[in-house]
Every structure is written in C-alpha cells, then in structure tokens.
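Worksheet: the structure to be examined is printed underneath.
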Amino acid sequence: MVGPDRDVTGEEHVNSLESEAHRLDAADPGRRHLFHVPPAEGGRYPEVAYLAGNSLGLQPRATRDELLADLAAWSRLGVEGHLEAERPWLPYHELLTAPAARLVGARPAETVVMNSLTVNLHLLMVSFYRPAGARTRIVIEDSAFPSDSYAVRSQARFHGLDPDTTVVRLTPRAGEDTLRTEDVTDFLAAEGDTVALVLLGGVNYLTGELMDIPAITAAGRAAGAVVGWDLAHAVGNVPLALHDWDVDFAAWCSYKYLNSGPGALAGVFVHERHLGDPGLPRFEGWWSTAAATRFEMTPVSRPPATVEAWQISNPPIFAMGPVRTSLELFDAVGMPALRERSLRLTGYLERLLDEVTADRPLAVITPRDPERRGCQLSVRIGVGSANELTKRLRHEHGVIADAREPDVVRFAPVPLYSTYHDCWRVADALAATVEKH
Ligand SMILES: Cc1ncc(COP(=O)(O)O)c(C=O)c1O
C-alpha cells in the first residue's frame, strides 16, 4: 500500500504520499545523476518531472564529451581520422553492433545501426515486402504510428497496388482500447494466405500495449507471411529476444528510450536465416560491400553475409557517438535490472493514477497486466484537450508529459532516470488540474 491506512485529512494524505515517494527513491534509486534533467518553468521543484522519455529521452551527461572528442579528432587529423582517430571512423559502426545486438536479443551479424527508423523500414520492405499472386496484403494495427501507415501505403503504391485494399488495419474489439493477441492471430489463421507482410509496433505508441511478439511472429510465419516489427517504443523499454523469437526483421529509433538525441541514428535487425541470401532484393551503396572490398573500387559489390549488406552510405560519425554512449549505459545496467525497476516504477504510478482517476474524467487505457506493457501509461481524458492538459501540467507543475490529440496523455516513467517522486508529481498535478466529476 502506498497510501496511509487511517482517516486523514486530504493534505496529510498528500504529504504522506510524497514522503512515501521519497522513501521509495532512497530504497530504489535509478541513474538520474548520469543525465541532464531540464529545469522546471513552473511548479514547486527546480527540475521538471520528465515523463516524456517515450518521445525523446534525456541527454546523458557523457554525450557532450563523446561528441567533443569526435570533433577534436577531426580537427587534429582531418581525413586521417578514418584510420587514426582514437575510434577510427572507417569501422566506427562496428562498435555499436554488439551492444545493440545485446539489447534486442540478436546475434551481432543480425544487427546494425544506420539511418533513421522509417528509412530503414523502407529499406527492409524493399527486401521483405514482395507481393505476389494473391499474397499482397500488409497487416498493421489501426493505431499504428502514422508514419508506419504512410510507409506501408507508399510501399503498396510503389508495387502498383491500391493502398486502401492492400493495407489491412486491425482494430480492437468494440469497447476495448487495445488489440488482444487472438485478434491478430485469428485474423492470420483465417486470412493469412493473402498476407505478404505483418508489420506491427512492438509496444504501441498510443496505448503503451506490449504485443506478444513471439506469438504473433509465429502465427504470421505459419501463415506464410513475413513478420517485421517497429520497435521504436520497445527497444530499451522491454526485454527483447528477436533471434529466438524468429522475427524476420525489425527496426527501431534511438531517440526515445535509448537517449541518443533528436533524430538519432536507428537500428536494424535481420534474422540470420535471411543473411547472405542472394535472392533477396536490396538497395546498395558503398557500405553494402564487405569492408575488405570497400577500397577495391570495383563496379560490382561483394556484400557480406551479415545485415551490414543493408547499409548504403558511410555513416555520420558525429551521430554515432551519442548512440555509443547510450548503449554503454544499457550494457552497464543491463536490461533485466532495468525491467525490474521499470515494473516497480510503473506499478507505483499506476496505483497513484488509480486514486486520481477514480473520481475524475480520466481513464488509464494501457493494459493492466505488467507483462503486456512497458513503462508507459496512457491516460484518456474525458473532458478538454490533451494538448491543453499537458501545457497546464508543464507550466503550472513542471510535469513534462506528452499529448496525443484529441484525448490521450502519455506518461512514461523511464527506469534509467525517472523517480518515484516524479510519479507522485504526476498524480499530484493531475489531481490539482483536472476537476472531479
Ligand atoms: C512507433 C513509431 N514509428 C515510427 C516513428 C517515426 O520515426 P522516424 O521519423 O524517426 O523515422 C515514430 C516516431 O516517434 C514512432 O513512434
């Protein structure tokens, strides 16, 4: 129990809850000291309560030095930095491979950091969306992130297909906010022979629902489809085992839970069984050819039998440093420990939200089962606009959450840097901002 168990005044209750939050923070600290937490513009506390790491993660303190070191190498060495920088630029991307693979449960040959998320999804669909005969459809969730919807619709058009009939959007049952696993697997069992590609979000951006990735992957593959995952909201948030789950391909960004900065470089996974397959179409460039052949300057590439064959251009070194810094942090803490703290922190926020939402026009729409969600809790507001509410939370209480119009506000206590006190501030701010029924 977080709250007191005797009759108390409202103010005593609030004070006791705040002390409880401080006690929990002392007992279960995160790594907040490794991050820059923005100053608050409103409210009683000097720093914001930052619950928007599902949108953009905070800056690790180590990132600036990493960037400065890369700049210094360039000023000192010019072109020789390709080979002589402390971390030579030519093979720089290889430094990111093993830690990225650990994070998503992949083998190093299956993982590479490159480009940005939607670019990578397109490059992967060049290989893995190959409509043929009656098998042309792409399955997404109706609440897919809009850019995924744009991407698959444009892929359908690219193949001369009508996006309105090619893209199937799965919707939750009437009166439900999230998809059940059977909603997806039953559809695949019934109509899977028309499906070329299943492309879903591992954690849904809007509801925070964690999909059953292994079950859906198995159902899609059993139906003869290729199964890919957009892991933007899953990577660094929940444990992943992409290799063992037999996922065909996946892509993710690094600016949310991976704290690598706005527009940061993204990651890609291609399952081992597809590596080195000469029958797979791929777009190629300089970095698609095996490293040993890169300077032979021949007209025909010789791609390696690894996911690096999907690389195209030489990578932006200044964008790689922040990803490296971040992945080192994940390696140091470890995803299992992060997930444990995440379950405690999000469970705590859920209990506080239950108190606040009980008599207000607010409802948590994220699944209640901790195994079916990451750290994010999404709240549907019954009155007013989500944008207006998040503005008031920020300016009046220093609480940074994120609005998805018209009526969803998302709160993500991130286990690396969020605190129990941040969670308490969310509940306190909502109680002060949203009128009771
Ligand atoms: C689930 C999901 N997919 C795709 C994107 C878009 O990614 P990008 O613009 O980096 O390609 C986002 C951005 O927030 C996202 O949340």
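Using N, Cα and C of the backbone, Cβ positions are placed for all residues, glycine too.
In the three-state DSSP reading, Leu117 (pyridoxal 5'-phosphate binding site) counts as helix. With a cut-off of 8 Å between CB atoms and residues at least 6 apart in sequence, the same chain places Ser147, Asp230, Ala232, Ala251, Trp252, Cys253, Ala266 near Leu117 (pyridoxal 5'-phosphate binding site), listed in sequence order. Under the heading pyridoxal 5'-phosphate binding site, TrEMBL lists Leu117, Thr118, Phe145, Pro146, Ser147, Asp148, Asp230, His233, Tyr255, Trp286, Asn314.
A coil conformation is recorded for Lys256 (N6-(pyridoxal phosphate)lysine) in the three-state DSSP classification, outside any helix or strand. What TrEMBL lists as N6-(pyridoxal phosphate)lysine is Lys256.
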Euclidean distance between Cα atoms of Lys256 (N6-(pyridoxal phosphate)lysine) and Asn314 (pyridoxal 5'-phosphate binding site), Å: 24
Of Leu117, Phe145, Ser147, Asp230, Lys256, Asn314, recorded positions neighbouring ligand 1, Cβ under 6 A: Leu117, Phe145, Ser147, Asp230
Largest inter-residue Cα distance among Leu117, Thr118, Phe145, Pro146, Ser147, Asp148, Asp230, His233, Tyr255, Trp286, Asn314 [record-listed pyridoxal 5'-phosphate binders, Å]: 31
Fewest other Cβ within 10 angstroms of its own Cβ, chosen from the binding-site residues Phe145, Tyr255: Phe145
